[in-house]
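Here's the structure, in structure tokens; my notes come after.
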Amino acid sequence: MAGPSGAAPKKQASLLGFFTPKTVNGLKRPTSSRPGTSEEDEERTADSSPSSRDNVRKRPLEQDPDAGNTRRPRASKRAKNVVIDDEDDEHDNDDDDDDFKLDAEAEADPEPVVAADDTAGVSQSSSISASRAGRYIYDESQPKGQAKTDENGDALDAATLRKKRELHDKFVKKLGHPDAMSRWGNAGRGEQETGAQEEEEDGDAAEEEPPPPPKGKKKGAKSGKLTPMELQFLEIKRKHMDTVLIVEVGYKFRFFGEDARIAGKELSIVCIPGKFRYDEHPSEAHLDRFASASIPVHRLPVHAKRLVAAGHKVGVVRQIETAALKKAGDNRNAPFVRKLCEVYTKGTYIDEMGEMDAQTGASGAHSGGYLLCLTETAAKGSGTDEKVDVGLVAVQPATGDIIYDSFEDGFMRSEIETRLLHISPCELLIVGQLSKATEKLVKHLSGSASNVFGDRTRVERVAKGKTTPAEASSHVTKFYAGKLKGSTQDDRAAALLDKVLNLPEPVTLCLSAMITHLTEFGLEHIFDLTKYFQSFSTRSHMCINGTTLESLEVYRNSTDHTEKGSLLWALDKTRTRFGQRMLRKWLGRPLLDKERLDDRVAAVEELFENRNGPQVEKLQKLLSSIKTDLERSLIRIFYGRCTRPELLAVLQTLQRIAVEYIVVKEPSQTGFKSNLVSEALASLPRIREIVVSYLNRINPDAARKNDKYEFFRDESDDTGDDGEDEITTQKMSIAAVEQELDAHRSDAAATLGRKKAVDYVTVAGIEYLIEVPNTEIRKVPASWAKISGTKKLSRFHTPEVVRLIAERDQHKEALAAACDAAFKAMLASIADQYQPLRDAVSSLATLDCLLSFAQVAALPGYSKPIILPDSHPPTIAVAGGRHPIAEHTLPSGYIPFSTTLSSPAPLAHLVTGPNMGGKSSFVRALALLVLLAQVGSFVPADSLRLTLSDAIYTRMGASDNLFAGESTFMVEVGETAAILRTATPRSLVLLDELGRGTSTHDGAAIAHAVLDHVVRNTRCLTLFITHYQSLARVAEGLGTGLVRNVHMRFTSSRDDNDDGDKDQDDDVGENITFLYEVADGVAHRSYGLNVARLARIPRKILEVAARKSRKMEEDVRTRRLRSATKLLEAVCRGDGSDDQLEHLLSSIEQL
């Protein structure tokens, strides 16, 4: 602008003065002010946008022959271009051809000079950019002595001048070098091709875009404020602080804060640093956003499983509104509505095909999949941490099994340990406070990553109020009363409620807590299945305690706690997952009912004898063809979490099973003699009508592709379903909209002046685009919205197309909701038929286990056990018995043994022998043969005759119990005391080296007393291993034939010295050969030095040990000889009593 009259004109240095003159197309651009160019023109040049200036600098220089080397024509053109830009801003629909035409007119008329009056519009158009850059301008051209003024003419003080100088210095530093403006204008956007040469070559004029506006501060960025989405997340997170939240954000799922750190560690994904806390802690005040991590949408199931398997509680927050419905709603400017839709933990994750079992099984760690609720109260009249009353409820959501129990436990907490080891929970829910002893037990069993459950167990706690028993009973009653309102079977419903209300108080307390807990996960409906409530303590099954499970290696070996090398591993020949689970239950619960056991053994025998027959082969082929875990899939249908492909697979598999035996109407028509097999096969065809009725409504091709829109068959006979009617309605609405879109093609063609209807195209997922060549762009109405384009054509949506697409999208969203609702209704309908379908699957599992036992029976050396009647005295008679696990793992096979235990004699075997001679293996093999016989399997023996044992108790191994602060000897006597309290005359007891944890005299005395008690008082069948020679001799006096001394046979030989003489100085050179055979008599030595030599103890140490051992033996023999001499003298004098005479005879035998 011109300065005031009478004053020197205000002059601003051009930015071009900062740049080095550059040669463009062979001509050097002048750096001084151009002749004939006004000051306003120079100011405009300085204040114009970077992109415009860059375009001017890069435009080719064309020399005008009339104007010489002057630049007036270019100045005129630049002025005119600025005006054209203003016009373009006012008319957004001007196309590239119009811009090119205006540029061409400017080139054809270069003469007019821009006068002062003509620059008014130019100055006005550049006022915005001038005001934006004005605060960076520092004018050094002000005359001395004249006060410097601002834009309004007011004088500036020193502070303002200093500030303007600093801003000027920053401006020069940032932009005062060649190509600075060019780089600034093109940053982040890529270089814009706006040169005149490219315009002429392409034939199209590129639109000149204004420079991108400076990016303002985002919400939640450096201002420290959270974005609306982050506030939304924080609101949900504060209600679920114990949950790792996975939030749906667009096409990804994201983690925020501490959840992102956890996800980065567990999932091995990148965690972008930021705030980890959710409480605005001062230590994170310098951070402006949450830490975050993200995963693709399609990987959600995989990563969710990994987090759950790692022991985390995982929640999925989903967007519960779609873009189409949001656009049509009132909250279009608000963030998507998000809600916590799913919550998972180890015990409540219902995976599709048992993937979590596959993950844990691969590492050898396998839990039972149970969620176990535990509570306890102090028993009346007992001290702190002594006896407690315990209640538990265990639920296996993947199969629908429910176990409950209420019992009293002692200070050793052996009963709780037994149930925990049997159930193997993957998650514990503890109600109230536990006693110190129970707390330590739970911590020990669940705390480590390689615990006896197989993997780390998640523990959650629930507070217990003062009036909890009454509240729990009321809560359970209301829960089941609500279920009974809609029930049509009154008798069944009444029986259901009566069964639940008669549960013990501790069990009711746990049941109430479990209902509340599972409601969060949407799994509370599992308690509707009261048919599958089972009491842990029942007289129809043998109770195997936790110590016995570990000692006999029933479920996993004792070395690395994997399944390989266990009894389950040796017997598992099942073909289905649900069959394998039933086999596991059978091994942990041997039968006590002789009639049921005889039926099972007879079924195994028939399948074994006809193993090559067509009927057995047909059954084997059917089971081998089942690839779906039907038990898990049925419970997922019951919960309403089954997918469409999975539902189709389940129904088709059940149909194939039912059709296979469609001709069977009665058990007698199966062709098998066994009642167990016949009844199981006869139950399979009964589900055919149920399955077929649902398959007739399903389109199999769409179900396999998980196509919700075509899942239901259009020609289905069932047309009364409201959900399917709604699907039809929405499909018709969509078809009507698409028909209108097709008819609109003619209207669009008429608008463009075409006779033929236009064709729609789809580009980058955008449908119903109308393509118009840029040469016909003038025919396009202003109301048409340009979506995209190329150099030769543009693509538009007409207002009618936009309206119809929005209407169609709304119908599509409604159709998707109708399809989901109809599918959920179908799942609910199938859930009403859960029990007959589950019974059919149970029959298949039974057949699978029986076939597995038949396959085991076909192994060499297996025979059918003979079960003696209950009236027969307790007896176990084995001929040629072998260890069922060791013979699979030992390359040289297992040496058979033969023995007999019976009442009245011999009730017990006192087993002696050298270390590593096979004593423990012998007693374990005998116990495993009994267990196998009572689960209905053939046994690895020439023959086995036995009565049913009500329990198997073991006290084996030597280890301390640090978690309970118990020494090795304390563990020994504690377990022994539990056996003495609970053993009955029909129990089998195994005691291995009792008393080794203390001194020789005390240990021998305790072992003697315990052996005397189990033989004289309890009178149970017992195998007693010992190294005490005195105990072997004393056992002979316990009664005529009550205790039989047996030992493990071996041979010994000595090595020659270097001189060729026998080594007489020590026992180091003595070689022991183990024969692993059971023989009568006592082994007088344990040959511990031989084991030490095998363990490679240094020879010098062995030589010293041998001398000490020989000296101690001589001292003991000397003392015994002196004692016997005194007794003999007393007897000779006639002073001795009958007891002394008996003692003398015993001493002589010991010598």
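Just so it is clear, glycine is given a Cβ too, placed from its N, Cα and C backbone atoms.
The shown structure was predicted, so the numbers you read here are calculated from the model rather than taken from an experiment.
Quick look at what Swiss-Prot lists:
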type	residues	note
REGION	1-156	region 'Disordered'
COMPBIAS	71-80	compositional bias 'Basic residues'
COMPBIAS	84-110	compositional bias 'Acidic residues'
COMPBIAS	111-131	compositional bias 'Low complexity'
COMPBIAS	137-151	compositional bias 'Basic and acidic residues'
REGION	173-224	region 'Disordered'
COMPBIAS	196-210	compositional bias 'Acidic residues'
REGION	223-347	region 'Mispair-binding domain'
BINDING	Gly913, Pro914, Asn915, Met916, Gly917, Gly918, Lys919, Ser920	ATP binding site
With every protein chain in view, how many other Cβ atoms are within 10 Å of the Cβ of Lys919 (ATP binding site)?
25
If you run through the region 'Mispair-binding domain' (223-347) with DSSP, how many residues end up as helix, strand and coil?
42 helix, 32 strand, 51 coil
Using Cβ atoms only, which residues of the same chain lie under 8 Å from Met916 (ATP binding site) while being at least 6 residues apart in sequence?
Phe1074, Val1091, Leu1094
With the cut-off set at 10 Å between Cβ atoms, which of these binding-site residues ends up with the most neighbours? Options: Gly913, Pro914, Gly917, Gly918.
Gly913
List, in sequence order, the residues of the same chain other than Gly913, Pro914, Asn915, Met916, Gly917, Gly918, Lys919, Ser920 whose Cβ lies within 8 Å of the centroid of the Cβ atoms of the recorded ATP site.
Met1048, Phe1074
Average the pLDDT scores across the region 'Mispair-binding domain' (223-347) and report the rounded value.
86
For Asn915 (ATP binding site), what residues in its own chain, 6 or more apart in sequence, show a Cβ-Cβ distance under 8 Å?
Ser1086, Tyr1087, Gly1088, Asn1090, Val1091
Provide the three-state secondary structure of Ser920 (ATP binding site) computed with DSSP.
helix
Taking the Cβ of Ser920 (ATP binding site) as the centre, how many other Cβ atoms fall within a 10 Å radius?
18
